[in-house]
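Undergrad: Let me give you the structure first, and then I'll get to my questions.
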Protein chains: 2
Amino acid sequence: MEFIRGFSQRKTSEIHDILNQGVTGTVKINGCIHSIRDMGEFAFVVLRKSEGLVQCVYEDGISEINLKSLKEGMTVEVEGLLHEEERAPHGFEVRLRDIQILSSPQEGTMMPLPISKWKMNTSLESKLAYRPISLRNIRERAKFKIQEGIVRGFRDFLFSQNFTEIRTPKIVAGNAEGGANVFKLEYFGKKAFLAQSPQFYKQTMVGVYDRVFEAAPVFRAEKHNTTRHLNEYTSLDFEMGYINGFEDIMEMETELLRYVFTLLNDKYAKELKLLQITLPEIKDIPSIRFDEAKLMVSEKYDRKIKNPYDLEPEEEVLIGKCIKEEYDSDFVFITHYPSKKRPFYAMDDPADPKFTLSFDLLYKGMEITTGGQRIHDYDIQVEKMISRGMNPEDFTNFLMIHKHGMPPHGGLGIGLERLTMKLLDEQNVRETTLFPRDVSRLEP
Amino acid sequence: MEFIRGFSQRKTSEIHDILNQGVTGTVKINGCIHSIRDMGEFAFVVLRKSEGLVQCVYEDGISEINLKSLKEGMTVEVEGLLHEEERAPHGFEVRLRDIQILSSPQEGTMMPLPISKWKMNTSLESKLAYRPISLRNIRERAKFKIQEGIVRGFRDFLFSQNFTEIRTPKIVAGNAEGGANVFKLEYFGKKAFLAQSPQFYKQTMVGVYDRVFEAAPVFRAEKHNTTRHLNEYTSLDFEMGYINGFEDIMEMETELLRYVFTLLNDKYAKELKLLQITLPEIKDIPSIRFDEAKLMVSEKYDRKIKNPYDLEPEEEVLIGKCIKEEYDSDFVFITHYPSKKRPFYAMDDPADPKFTLSFDLLYKGMEITTGGQRIHDYDIQVEKMISRGMNPEDFTNFLMIHKHGMPPHGGLGIGLERLTMKLLDEQNVRETTLFPRDVSRLEP
């Protein structure tokens with residue numbers, strides 16, 4: 001019988017191994033040939049590795065390699081001497097002795113995009129058409145390390161606050177957000193939908209664990225093809241019980257964002273530097289009522305209020321601008337959205353039921369979060385459903401939680417790709433989505 | 001302007017606060033009334049909190065409450081005196097002074113299941129029908145804390161091994177695993193599918209980050225309604241480049257499982273104890289070829305080999321039994337599955353192309369992982385597609401990665417719910433799925 005014993009001795013080094021052990025002696029290292037620059041008597045063969053680039057130097061007559069046999073896109077294992085070189089990435093280079101070719105790209109092909117350039121200067125359209133290749137560019141892939149860091153921060157912070165991570169179904173029988181923007185599918189002869197949000201399930205799970213979160217895909221069949229909409233995106237959701245008011249949720253989000261920014265500055269400094277992003281400290285976040293914000297912008301910029309029930313994208317931009325100027329904050333909470341525009345599970349403000357105990361968070365003039373307090377009382381929830389012409393019998397499973405007792409609770413959902421987009425000062429949410437899905441894009 | 005400043009002072013305590021600060025003085029604590037036991041002159045009012053149960057004691061004439069006004073399912077904030085009491089959960093109880101009712105269940109309802117009992121003694125069918133309520137049972141919810149821990153361990157371990165976390169689309173244009181078991185949906189006039197696995201995307205991302213992982217839902221439209229199949233489940237996927245052979249993947253999984261078991265023993269000891277589960281140390285894992293395993297079981301148990309290309313569930317059980325008896329291991333790797341039964345991206349064994357460089361991992365006689373080395377060479381991949389009657393033009397986006405260079409690579413997928421099921425010695429995978437989706441179950 002053979003046995004798998006766990007890790008065996010590694011024969012190759014990673015960049016952090018070299019930096020930890022000191023730049024001296026010979027090294028074996030593998031990677032993908034990112035670029036070759038032939039300088040005559042010597043050549044730079046730059047390897048791309050997960051941690052960054054490694055400069056290897058080919059020297060005529062010393063390296064036991066035929067330089068002509070090398071090609072961008074090959075993966076190789078090289079052996080050579082380590083030398084300090086402050087102009088090289090990470091401050092060292094490898095003077096090549098030997099190269100073993102591990103794999104080769106197809107004979108006769110050219111890279112469709114100049115991925116080894118610092119900036120590819122390529123249209124978003126081309127980058128998306130060749131997504132599997134364009135992501136190999138150092139700056140492109142750095143964006144998604146930042147995105148990884150945001151989700152790590154989200155989870156780590158919520159774990160520290162006694163939240164439980166949950167996994168809720170994406171194939172569902174009904175839709176939480178209402179409206180027609182829902183993908184339908186055939187499910188063994190029954191009609192089913194793709195979940196627009198984990199709303200019902202996360203409320204349900206508050207009844208089980210008091211505080212829960214989920215970072216998972218959601219699906220919206222919206223037809224508008226804008227720079228900020230996706231038909232599939234990652235929603236960072238949390239929901240918490242035993243709240244004293246919806247301010248508790250905004251406080252949790254404020255602390256969460258601080259934690260995420262600190263984690264990025266701490267663990268993703270390399271990528272932030274690469275993308276030339278500076279993350280400021282998050283100070284106290286201004287909070288303004290929906291109606292006051294609308295009025296403020298209308299007066300300050302002499303605009304007519306067209307839609308009294310919702311914020312237009314341009315209004316969001318102006319509110320963000322105004323708050324930035326006056327309070328030097330990239331973030332602003334807008335509270336008390338009109339009941340008419342919020343879902344049936346939103347709790348109305350007892351002081352004025354035309355408004356809800358809800359909020360959006362704007363970041364650099366764009367909505368990245370929607371949240372609020374939910375109805376926990378069975379009779380009130382049923383009444384609100386009926387007042388909207390809904391049939392409570394269609395929601396038996398959801399109403400089960402109110403029927404058998406729910407604490408006062410609320411929560412929020414953060415659009416991960418939008419948050420990443422604003423954080424990285426990108427102009428299109430597709431720039432911060434690995435493989436975007438929109439009205440015209442179903443692949444790659 | 002108002003500001004959200006972050007956390008304000010909490011007025012209530014959690015169980016860990018009390019244990020940290022010492023069982024003395026008065027305390028305010030909130031929770032859901034889990035059970036009320038009236039003993040005549042006093043009564044036990046047990047609160048359910050995320051961290052566990054809290055025993056509160058109502059005393060006639062001392063507590064300023066009308067006991068009759070309390071009801072299971074109410075959420076409350078209580079004030080009282082802390083007393084050590086070794087028979088109570090966590091070794092303390094709260095002698096009630098005052099109770100404030102935060103919310104009430106619907107008037108006149110009864111709990112549909114005896115959730116406050118240690119064991120509900122209810123059928124799986126009822127537990128699933130009343131899932132939002134049955135999950136409130138202490139033992140039921142403990143299972144999903146264990147599941148949370150498995151995913152935490154999976155991620156934390158892979159982060160420590162320089163893997164990058166990715167998020168790939170679930171709405172896709174083609175299906176990776178082939179076959180008819182795929183959910184179809186209408187996507188703005190085009191045919192689309194729900195992803196059966198992140199296979200193409202995780203291979204793609206190896207070209208970007210060398211090592212990647214994802215923990216996300218996958219969808220299989222399989223019609224069989226067995227105790228081990230779900231139509232939506234969580235797949236724990238990783239994929240790694242620069243491998244020397246598919247043994248590297250099995251080594252990584254062995255270390256991963258050791259890490260997960262250690263983390264569970266360390267951070268989820270309370271839940272393991274509650275469920276009476278002992279997790280043994282994972283020793284070196286036996287590894288046996290597919291054909292040898294089949295022969296071994298056939299000879300040892302005098303069974304006829306019916307299907308030479310795949311393992312029947314009963315064979316998996318017998319292999320598990322045999323390995324447990326002979327090597328005291330709950331795990332066994334089965335390697336070199338027949339090429340015929342593995343997907344088109346699997347790498348054939350150069351020594352005998354009828355077999356693949358692939359494996360399954362069995363845990364207590366059930367397959368919980370499928371993995372292997374993938375083809376990285378463009379020509380070989382195209383050739384294998386053609387030999388299977390597939391049209392390479394249907395896979396242009398996938399083949400882009402081979403065309404422009406891929407390292408030798410491979411990976412695996414672990415079924416989270418199945419792993420949880422075997423770990424907890426459950427008999428049905430629905431027991432370890434929050435809201436299972438099967439042929440007849442689309443809600444709750």
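The first residue you see is number 1, and the count goes up from there.
Including glycine, each Cβ sits where the backbone N, Cα and C put it.
According to TrEMBL, the L-aspartate binding site annotation covers A:Glu177, A:Arg220, A:Thr370, A:Arg374. According to TrEMBL, the ATP binding site annotation covers A:Arg220, A:Ala221, A:Glu222, A:Arg228, A:His229, A:Leu230, A:Glu367, A:Gly415, A:Leu416, A:Glu417, A:Arg418. Residues annotated as domain 'Aminoacyl-transfer RNA synthetases class-II family profile' in TrEMBL: A:144-444. According to TrEMBL, the feature region 'Aspartate' maps to A:199-202. Among the features that TrEMBL reports, site 'Important for tRNA non-discrimination' is placed at A:Pro89.
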Undergrad: Are there recorded positions among A:Pro89, A:Glu367, A:Leu416 that sit within 10 Å of A:Arg220 (L-aspartate binding site), Cα to Cα? If so, list them; otherwise say none.
TA: none
Undergrad: What are the sequence-distant neighbours of A:Arg374 (L-aspartate binding site), meaning same chain, six or more residues apart, C-beta distance under 8 angstroms?
TA: A:Gln203, A:Tyr345, A:Ala346, A:Met347, A:His409, A:Gly410, A:Gly411
Undergrad: Kindly state the mean pLDDT of the domain 'Aminoacyl-transfer RNA synthetases class-II family profile' (A:144-444) in the predicted structure.
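TA: Here the predicted model's pLDDT, averaged over the domain 'Aminoacyl-transfer RNA synthetases class-II family profile' (A:144-444), is 96.
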Undergrad: Can you tell me the CA-to-CA distance separating A:Glu367 (ATP binding site) and A:Pro89 (site 'Important for tRNA non-discrimination'), as a whole number of Å?
TA: 38
Undergrad: Here's one to test understanding: among the binding-site residues A:Glu222, A:Thr370, A:Arg418, whose C-alpha is closest in space to the C-alpha of A:Pro89 (site 'Important for tRNA non-discrimination')?
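TA: For A:Pro89 (site 'Important for tRNA non-discrimination'), the closest Cα among A:Glu222, A:Thr370, A:Arg418 is found at A:Arg418.
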Undergrad: Roughly how many Å separate the Cα of A:Arg418 (ATP binding site) from that of A:Thr370 (L-aspartate binding site), to the nearest whole number?
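TA: That separation, Cα to Cα, works out to 12 Å.
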Undergrad: Please report the three-state DSSP label of A:Thr370 (L-aspartate binding site).
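TA: Assignment for A:Thr370 (L-aspartate binding site) reads strand.
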Undergrad: Quick one: what's DSSP say for A:Arg418 (ATP binding site), helix, strand or coil?
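TA: DSSP call for A:Arg418 (ATP binding site): helix.
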Undergrad: By the count of other Cβ atoms within 10 Å, pick out the sparsest of the binding-site residues A:Arg220, A:Thr370, A:Arg418.
TA: A:Thr370
Undergrad: How many Å separate the Cα atoms of A:Leu416 (ATP binding site) and A:Thr370 (L-aspartate binding site)?
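TA: Distance (Cα to Cα, whole Å): 12 Å.
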Undergrad: Would you mind pulling the longest C-alpha to C-alpha span across A:Arg220, A:Ala221, A:Glu222, A:Arg228, A:His229, A:Leu230, A:Glu367, A:Gly415, A:Leu416, A:Glu417, A:Arg418, which the record has binding ATP, in angstrom?
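TA: Pairwise Cα check on A:Arg220, A:Ala221, A:Glu222, A:Arg228, A:His229, A:Leu230, A:Glu367, A:Gly415, A:Leu416, A:Glu417, A:Arg418 gives a maximum of 19 Å.
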Undergrad: Write out the long-range same-chain contacts of A:Glu222 (ATP binding site), meaning residues 6 or more apart in sequence whose Cβ is under 8 Å from its Cβ.
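TA: Expected: A:Asn181, A:His229, A:Asn231.
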Undergrad: Is it possible to list how many residues within the region 'Aspartate' (A:199-202) are helical, extended or coil according to DSSP?
TA: 4 helix, 0 strand, 0 coil
